[in-house]
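Asks: Quick paste from TrEMBL:
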BINDING   Lys66, Lys90, Ser344  substrate binding site
ACT_SITE  Lys102  active site, proton donor
SITE      Asp142  site 'Important for catalysis'
BINDING   Thr185, Asn216  NAD(+) binding site
Amino acid sequence: MNALAATSRNFKQAAKLLGLDSKLEKSLLIPFREIKVECTIPKDDGTLASYVGFRVQHDNARGPMKGGIRYHHEVDPDEVNALAQLMTWKTAVANIPYGGAKGGIGCSPGDLSISELERLTRVFTQKIHDLIGIHTDVPAPDMGTNSQTMAWILDEYSKFHGYSPAVVTGKPVDLGGSLGRDAATGRGVLFATEALLAEHGKGIAGQRFVIQGFGNVGSWAAQLISEAGGKVIAISDVTGAIKNVNGLDIAKLVKHSAENKGIKGFSGGDAIDPNSLLTEECDVLIPAALGGVINKDNANDIKAKYIIEAANHPTDPEADEILSKKGVLILPDILANSGGVTVSYFEWVQNIQGFMWDEEKVNAELRTYMTRAFGDVKKMCQSHNCDLRMGAFTLGVNRVARATVLRGWEA
């Protein structure tokens, strides 16, 4: 099931549990605005190349829209729509004053030079500068984009509107980026996992973790979990998978991965089949890579007691049903990986105030937000007698619906 179908299904289920008015339900699903622009740039060899850029702005009832910009050769409008909608619910669950958006350019960033990427980013910004803004829509990095991309957007936007550091988040620290932003999603995963385990009288220490994915989120989650006393016994990335039942030395693995562009060949563990990683014996499984990896084919073999969804949409709805029958607890992505957007909010707040925080404050505030969000989700689970995923969706949808009605949506 693709991301849009799954998200819409979850939304409809939540709307039913909440007893939403059918007209309101329909109105919440339709995006506020969809933008599609042509971006033509001169390539380094002098030829012209055209790319399609777009931005889906889903909802702004609770505040300016927020979401990533991805550069990827197959930016599928359906998927972007789903991700924009998911951001609406995610920001509402985290209780930060944003709505959802998502965008991108259909291009292969690996095939473009740095100067071509810069020209493309600037042309895209010129085309959408009057549709984004500090109090309208605040982009952030996503697949194929990074803090440098945000710096170019900021510079180009500022040519039209004056210096506006709060127009994008995920910026370099030298241009108003926040300390702690790099580790934010992984740190949020740690705090969310702590909250879930505490609910069952356990802590991170002594639990066995398996992590799929060793990019930004996976590597930070692994480092922070092992610092907190958790035993990370298996990890995979695109190059392969490794296992050590006594726990992997994460600091050494990070170094090895940076030097060898992947975890393959790490001497502190045994190579295993990456396909068997998800079904390894462990207490907590953290998928932090692609969507749809836990499906009806492997769900029966999963031995973890808890699954923390650090990736977007890693569990298919069919797998959800199998796992809940087995008594596996799943902490849903819209709660588990909301650390990134929460610290993006802190970055925006600091930029608007013109007053930057130290890293301790960023991390302490993140802990407060993540822990509070978990508590709010648990309350929804109790009042609607549902699992954590539906608890999170009903919480998010309810907050957006209430804001919409209070603002007078029929007027």
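Glycine too: its Cβ is placed from the backbone N, Cα and C atoms.
Note that the structure is a prediction, hence the values are computed from the model and not measured.
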Asks: Have a look at the binding-site residues (Thr185, Asn216) and report the one with the fewest Cβ neighbours inside 10 Å.
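Replies: Sparsest of the binding-site residues Thr185, Asn216 by Cβ contacts within 10 Å: Asn216.
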Asks: Based on the record's binding annotation for substrate (Lys66, Lys90, Ser344), what whole-number value in Å is the widest Cα to Cα distance?
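Replies: This binding site's residues have a maximal Cα-Cα distance of 13 Å.
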Asks: Using a 10 Å cut-off between Cα atoms, which of these recorded positions sit near Lys66 (substrate binding site): Asp142, Thr185, Asn216?
Replies: none
Asks: Write down the Cα-Cα distance for the residue listed as 'active site, proton donor' and Asp142 (site 'Important for catalysis'), rounded and given in Å.
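Replies: Taking the Cα atoms only, Asp142 (site 'Important for catalysis') lies 9 Å from the residue listed as 'active site, proton donor'.
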Asks: For the C-alpha pair, I'd like the distance in angstrom between Asn216 (NAD(+) binding site) and Ser344 (substrate binding site), rounded off.
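Replies: Per the Cα atoms, Asn216 (NAD(+) binding site) and Ser344 (substrate binding site) stand 15 Å apart.
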Asks: Tell me which of the recorded positions Lys90, Lys102, Ser344 ends up closest to Thr185 (NAD(+) binding site) in space, Cα to Cα.
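Replies: The smallest Cα gap between Thr185 (NAD(+) binding site) and any of the recorded positions is with Ser344.
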Asks: Just how many other Cβ atoms lie inside 10 Å of the Cβ on Lys90 (substrate binding site)?
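Replies: Neighbour count, Cβ to Cβ under the 10 Å cut-off: 28.
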Asks: Excluding Lys66, Lys90, Ser344, please set out which residues of the same chain place their CB within 8 Å of the center of the CB atoms of the substrate site, keeping sequence order.
Replies: Gly67, Met87, Thr91, Ala94, Ile96, Tyr98, Gly100, Ala140, Ser338, Gly340, Val341, Thr342, Tyr345
